Amino acid sequence: MLYSGVSVPEGQHLLLSLLFFTIWAAGSGQLHYSVPEEAKHGTFVGRIAQDLELQLSELVSRLFQLDSKGHGDLLEVNLQNGILFVNSRIDREELCGRSAECSIHLEVIVDRPLQVFHVEVEVKDINDNPPVFPAAQKNLFIPESRLLDSRFPLEGASDADVGANALLTYRLSPNEYFSLDVPPSHEQVKPLGLVLRKPLDREEAPELYLLLTATDGGKPELSGTVQLLITVLDANDNAPVFDRTLYTVKLPENVPIGTLVINPNASDLDEGVNGDITYSFSSDVSPDIKSKFHIDAMSGAITVIGRIDFEESTTYKIQVEAIDKGSLPLAGHCTVLVEVVDANDNVPQLTVKTILLPIKEDSQLGTVIALISVTDLDAGVNGQVTCSLMPHVPFKLVSTFKNYYSLVLDSALDHETVSDYMLMVTARDGGSPSLWATATVSVEVADVNDNAPTFAQPEYTVFVKENNPPGCHIFTVSAHDADSQENALVSYSLVERRVGERALSSYVSVHAESGKVYALQPLDHEEMELLQFQVSARDSGVPSLGSNMTLQVFVLDENDNAPALLGTGTGDVGLAVNQMVPWSVGAGHVVAKVRAVDSDSGYNAWLSYELKTSVGGARSPFRVGLYTGEISTTRALDETDAPRQRLLVLVKDHGEPALTATATVLVSLVESGQTPKTSSRSLAGTASQEGTLVDVNVYLIIAICAVSSLLVLTLLLYTALRCSAAPTQGDCQSGKPMLVCSSAVGSWSYSQRRRQGVCSGEVPPKTDLMAFSPGLPPCPGSVGVGEPPGVLDSPGKPRQPNPDWRYSASLRAGMHSSVHLEEAGILRAGPGGPDQQWPTVSSATPEPEAGEVSPPVGAGVNSNSWTFKYGPGNPKQSGPGELPDKFIIPGSPAIISIRQEPTNSQIDKSDFITFGKKEETKKKKKKKKGNKTQEKKEKGNSTTDNSDQ
C-alpha cells in the first residue's frame, strides 16, 4: 500500500498528500482501507457505501450501523454521501504499540434485509516519534590502563515507530580515542559499544565529552542524542570477564516467585581486592525488569520476583555487570535474554450482540439473529478457538470472519410448539487442557396469526321449546385459537342469511365475546320446526382468520293448540250437528261421527273423544268411539228414551295440560216411515258432497304425490352428499301431514314425517298411513275394526297397553309426528266395483272380534315391525273379497306381508306385518311367550269394556 506520513518539525506544519485505495481481499471477501496515523478530522478514508454496493438513499431506512469493536469513534460514516472519514485522532503507537501490523476492524450492519460486512482499516505509521535514549547523559569510567580495542557497551536509543521509521543509524561526534561499534541487524541482541582506538592518558585528558546521535529512517529524518561523559581512571589491569557475552533462557509464564532463571559466571585475573567481583543489573535496565527479576550480588544468580505473563511481554533482555573491587574498579558485561513460553492460562472471551429479537415464527431460513465474537489472549494452539451451539435445532452458527460467528435460523419455527429457546454458545481453545467459556442467548419466538379459531364440532344440535321468552339463552358456542395474545382473541358473529322473508338476525343473535346464542323472539313449532344457521368465529390477528360451525335449533312442540272440529270447514271449537235416527235401529248403529284435528305434534296432537253424561245420570243409549269419534247406539232404542237426545262430545288431546273442544250432536228419534225421505235427501246431499270431495281429493293426491316425490328425491340426494362429506353423521328431515280427506265410506290421511333430531342415519324416515272407518255397521265376513290395547278404564284415563301393543315411533312425546292408522276402512275400487276390505292399524275399537294391527311388544319408539291379528269373529275371507297377502302403503318403500291364521288357532309371533328392519331374533324369542298370554288377557278386557259401554 502507498501512504504518506505527517510530521511537525520545528513548529512548521507540512501537509503531505494522502493516497488511499480499496481492495477486496481474495479469500475473505471483506473491504480493506488504509489511513495514516495522526490524520486530521474529516480525512477521507473510502467510499464505503459504494464499495459495499449500498444505495445512499437506503442508508437511513436500513438502519446503517458502524461498530468499531471497542475503538471508540475514531472513524465515522457520513450517511449523506456514504464516505468513511476520520473522526478523531488516531495514534498508531497508542493503538497497537510496537506491533508490525496495526488495523482497525469495523462491522457494518444494515437491516431489511439484515447484512453484516467486515471492514479492515490499516493504520499506516508515520515518522512522528524521534529516537530516544534512556538518559540524556551517560557516565563511563574507564581506567587508563585499558588495552586498545577494548569495547564499552552502550544502551541504544528506541523509536516508537515501526518499519523504516524505526531503523536507527548512530553517529558519534569526532574524537581521536573512541570509535562507535554498531552491530549488524541480525545481531540486535549485541549492544551498541565504544571501541578504544588510542590509549588513554589520565594526565593528558582526565575527562572526555562525546555526543552520540541516533537518526531514524523516516522522511523527514528524526534524531535523538545522548551526552557521553568519560572519566579516565587509574590502572586496574584486568576487568572481570563472563563465560559468554549472551545467555539465552526459556522461562514458562506464571512460574512461582523465587524460580531461578540463570546463574551467569564472571572471572577476574587480578588478585586480592582487584579480583573480587560483585554482580548487578546495568543502570540501563528498565524498572519493569527490576520489578520481575532479582540478581544476587555475590553469586550472580537471577531469580523471579514478579508475575511473568506471556501476554504482557514475550521476551526480557537483561544487561548484567560484573565489577571488581579494585581501587579503580573494572567491569565486565553480558546480556541475559529471557524468552517467555506461553501457557494456556486465558479463557476464551465471548461477546454476543443480538440483532433480531424476538424473531417471528415465519422468519425465513438463514435469518441472522445475533453476532458472536470470540477472543483468546493466548498464542498458537492455545489461542485457536472453536465455537459450538446447544441445542443444534433450529439454529446454527456460521463462521463469517476469523473469530466472528453469526447465529442464524436453520429450520422452521412454531410459536405454538416452542415459544422461546435458551441457547448456549461454547467457545473452546486448543490448549491442553483446553479452556472454555459459555454464553447464554435467549431467543423469543414472536407469534404470527397462522392458526384459525376451531370449534370442537363442525355441527351442534339444540332443542328449544316453542313459545320461549324473547332474549332467552339457548346455546353457547366456543372456539379455540392456538395462537397467543391478540391473535387468539376470538369474536363471534352470525353468518347472515334469509329465513323465509326475514333476516336471520331477527330470530337469533350471538354475543361477540362470550359466544352465547340468544333467541330474539318466541319460536313457533307450527311455523318453523328447524332453524339452521352458521356462527362465525374470527380472531383479532392481521390478517384475521376465521371458521364457521353449523347450529341446528329444533323447535320442540308444546300443547298450545286446542283441537279443531271439522264438519263445517270452519274449524270452530264448538260444533252443533242435527241427526235423525229411526226408533228401529239396533245396537251398534253408527249415528254420526265427530272429526277433529290438532295443529300440534306427538301426544299433543293425539285426540280422544268422550261423551259427557247427562245431568240426571240416566244411562244414554249412545256411546262415542274413544279415538274414532263415531257415535253409535249401545242397545236397541225403546219408549223410555227421550225423542230428542242432546249429546255433548268432548274432544281432548294428550298434552300437558290437555286442551279440549266440545261438539254438540242433537239426535232426533223418528219413526221408520220418516227415515227414507230424510235418508234420501241426506244421501243425495251426501252424494253431492262426496262427489265434490272426491274431485278435490284427486287433485290433492296428485299434487301431494308430486311434491312428495320431489321432496324424497331431494332428501335422498342431500343425505348422500352429507354422508359422503361426513360418514359418521346422518341427517334426518322433518315434514308435516300432507293430506287429509274423507268420504261417506270412510276417511284416510297420509303423512310423510321426518324425524328431526340428532340421528346416525341408520333409521329411514317413517311413513305412516291413517285410515278412518265409514259410518256404517260392519259387514259379515269383513275384517273387523280392531281395538288398540289402550282403552279406557275410566273417563279420560287410558289403561296400560297390553303386551301386543307398542306405540309407534311417531307417537313418542316431543317428536314431530303423531301418526297412527285408524280403524279399518273400505277402499273402493270404483263405482260398481267390488269393495276390498283392508286391515289397518287401529287406534281404538271396542269390539273384541275385530283384528288388530300393532307394533310388537317392547319395540319402543323405533320399531320397524307391526303385527296384524284377526279377531275370532273375522275369519279369512275367500273369493273377491279375500285379503291380499301383500299390499303397499302409499309413499312408503315397504311392502307389507300378511300371514293369516285359521279361526280359533293359536296366534304366535309369526303373524305380523313387517316393514323396515326386522326385530332381532333374540328379542322375538324372549318376548314370544309373554305376548301370547297378554293377547288372551286383552280379549277378555275388551269384552268387558264393551259390555260396560
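Glycine too: its Cβ is placed from the backbone N, Cα and C atoms.
Look at TrEMBL and you will find 908-922 tagged as compositional bias 'Basic and acidic residues'.
Taken as a whole, the domain 'Cadherin' (34-133) shows an average pLDDT of 87 in this prediction. The domain 'Cadherin' annotation in TrEMBL covers 34-133 (among others).
Marked as domain 'Cadherin' by TrEMBL: 157-242 (among others).
What TrEMBL lists as domain 'Cadherin' is 243-350 (among others). Remark: secondary structure over the domain 'Cadherin' (243-350) totals 10 helix, 46 strand, 52 coil, with classes taken from DSSP.
What TrEMBL records for 351-455 (among others) is domain 'Cadherin'.
Annotation source TrEMBL lists domain 'Cadherin' at 456-565 (among others).
Note on the domain 'Cadherin' (588-678): DSSP counts are 11 helix, 41 strand, 39 coil. The domain 'Cadherin' annotation in TrEMBL covers 588-678 (among others).
Residues or ranges marked as region 'Disordered' in TrEMBL: 830-855 (among others).
Under the heading region 'Disordered', TrEMBL lists 868-949 (among others).
According to TrEMBL, the feature signal peptide maps to 1-29.
Sequence annotations record features per position, and here TrEMBL assigns transmembrane segment to 698-721.
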For the domain 'Cadherin' (351-455), which stretch among 34-133, 157-242, 588-678 has the most Cβ pairs under 8 A? 34-133
Could you break down the residues of the domain 'Cadherin' (34-133) into DSSP helix, strand and coil, giving a count for each? 12 helix, 36 strand, 52 coil
